[in-house]
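Sequence annotations record features per position, and here Swiss-Prot assigns transmembrane segment to 7-27, 81-101, 111-133, 137-154, 165-185, 204-224, 255-275, 288-308, 315-335, 346-366, 382-402, 406-426 based on sequence analysis.
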Amino acid sequence: MKSVRYLIGIFAFIACYYLLPISTRLLWQPDETRYAEISREMLASGDWIVPHLLGLRYFEKPIAGYWINSIGQWLFGANNFGVRAGVIFATLLTAALVTWFTLRLWRDKRLALLATVIYLSLFIVYAIGTYAVLDPFIAFWLVAGMCSFWLAMQAQTWKGKSAGFLLLGITCGMGVMTKGFLALAVPVLSVLPWVATQKRWKDLFIYGWLAVISCVLTVLPWGLAIAQREPDFWHYFFWVEHIQRFALDDAQHRAPFWYYVPVIIAGSLPWLGLLPGALYTGWKNRKHSATVYLLSWTIMPLLFFSVAKGKLPTYILSCFAPLAMLLAHYALLAAKNNPLALRINGWINIAFGVTGIIATFVISPWGPMNTPVWQTFESYKVFCAWSIFSLWAFFGWYTLTNVEKTWSFAALCPLGLALLVGFSIPDRVMEGKHPQFFVEMTQESLQPSRYILTDSVGVAAGLAWSLQRDDIIMYRQTGELKYGLNYPDAKGRFVSGDEFANWLNQHRQEGIITLVLSVDRDEDINSLAIPPADAIVRQERLVLIQYRPK
C-alpha cells in the first residue's frame, strides 16, 4: 500500500511540475522560438537530414535534438506544450536513470525515489528541463553514458562488459548527434579519475574500442548523409561551433573561471543546505567506489566547462544527476544522525522566499522604483509572484516543524513557481521576449502581409512559428543566420538598411509589406531612417511598421 501511495505521489508531482503548467508559458526568444521553428520546418519539409531555420541552412547543432523536438510537435501539435514535450520527455527519462542507478548502487528504494524527487525539483533542472533547448537531450545521453560505463565495469563476464561498452558508444554517438564532440570529451574526463583510483585500466583498454566502434557506427549514417548533402557542414560545425565557441579569445558567451559557482548555488535550491555536506561526505567516503564515481561525474564536467572560454548555465546540467544522488544519500544520513543540515536547508528556503517577497514589493507598482517592473493594471501578476515566494517560504517553514519527518517537503518549495510563473511575467518582458504575445496583438495586420522583415533572429523565428511561414526576411542584421545567408540560393533573404528604400519601391506593389523592429523603450520611432509608413503599431520593445501597395 505504501508503494502505491509513493507511486501516486510521484505521478502527481510530475503532473504539477512538468505537465499541467507548461502550456501557460509563452515561448521565449531567441532559444525556444528558434528550436520550435527549426522543428516545424523539419515537419513541413520532410527534410530530416539538413536542419533549416527560416528556410536557410542552420549548422549550429547536429540533428538528433531537432528530431526529438519534431516528434514532440508531431504528437502534440504546434503549441507551447508540443514545443517543450521533447525536453520534458528527456528530463523525465534522465530522472528514470537516476532512479535506476541509485537503486543499483545502494539497493534502497526509498533512497532511489528521494534522489529522483530531488533531481526533478532542483531549480536548474526544472528551469532548463521545461525550456525548449537542446541541453536536456545531451544531459540525458551523458547520464545514460554514466550508467552504461558503470554497467560495463561491474559486469563479471566478457559478454556483459562488451554490451556495456557498446551501449556507452551508442550514448556517446547520440550525444555527438545532439550537441557535438563535447559528448565525447565529458565522459572521458569523468571516468578517468575513477578508473585511476580503482586501477581498472586493463578493462578500459581491452573493451574501450567497442565503445569507439559503436559510437562511429551510430553517427556514420547521418554523418555521411549530411556530408553528401552539405559538404561544408562538418568543417563549420567543428571549427566555429567547437573551437571558436569554447577555446579562442573571441569565444561566444565569454565568462570568468568562477562563473559556475553561483550557478551551482542557485541551481541547487531548494536543497542548497545539503550541498556542502553531500560533497564533503562524498569526498570523505572516496574509498567507496560508487561515491568516487558520482563525485567524478559531478566535478570533472564542472571543471572542464569552467576552463572553457565560453560558458552558459545550461552546459553543466548533466552534473546535477550524480549530484542529486549524493544529495539524497547525505539527506538520509543527516535525517538519521544529525539533522542540522536539514534545518539549515529549511532556513535557507525561508530566507529565499522572504527575500523574493520583499524584492517583488520593491519592483511592484507600490514599491519605491520610479519605473516598476509591473504596471498598476498588472496587479494580479504581482500577487502571482508573491504567491510563488510565499509558497517557497511556507514549505521551507513546514520542513522545520518536525524536521526528521518533514524535511523532504522541501521538494514542494518550487511548486508555486511551477504553477504560477507563466501568469507572473510582466507585460514589458512579454512584449520583448515573447513574440507570441506580439503576434496575438497584431495578428490581423501580420496575417495578410506579402513580405515580413525583422531585425531580430529570435523575433523572426517566433513570427515564422506563430504564422506557420518560413519566408521571414532579415533586415539590417543577420545574427546567427549570417552563414546560411551567404549561400547563393539565399539571395533576397536579407535587406540592409541602406537598401531598404529601393527594395520597398521594387516590391511594394506585390502586396502588404510589414517591418517588425526591436527598439529601445525610450527610442523615438519617428527618428528611424525608413520611408514614411501607412501604419505603425508599437508594443513597447517591438514595433510593427506597415506599407501598403500604392
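Cβ coordinates come from backbone N, Cα and C, glycine included.
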Feature contact check the transmembrane segment (315-335) with the transmembrane segment (81-101), CB under 8 Å, 3 or more pairs: yes
Cβ-based contact of the transmembrane segment (346-366) with the transmembrane segment (288-308), 3 or more pairs under 8 Å: no
For the transmembrane segment (288-308), sequence-distant contacts whose Cβ falls under 8 Å of one of its Cβ atoms, 6 or more beyond its ends: 105-106, 142, 146, 150, 185-186, 189-194, 197-198, 246-247, 251, 257-260, 264, 279, 282, 315-316, 318-319, 321-323, 325-326
Residues of the parent chain within Cβ reach of the transmembrane segment (255-275), under 8 Å, 6 or more residues beyond its termini: 118, 121-125, 302, 305-307, 310-311, 313, 316, 320, 323, 327, 330-331, 334, 341-349, 352, 392, 395-396, 410-411, 413-414
CB contact flag for the transmembrane segment (7-27) and the transmembrane segment (406-426), at least three pairs under 8 A: yes
Residues of the parent chain within Cβ reach of the transmembrane segment (315-335), under 8 Å, 6 or more residues beyond its termini: 94, 97-98, 101-102, 105-106, 110-111, 114-116, 118-119, 122, 124-125, 128, 135-136, 138-139, 142-143, 146, 186, 260, 263-264, 267-268, 271, 274-275, 277-279, 281-282, 291, 293-295, 297-299, 301-302, 305, 341-342, 403-404, 407-408
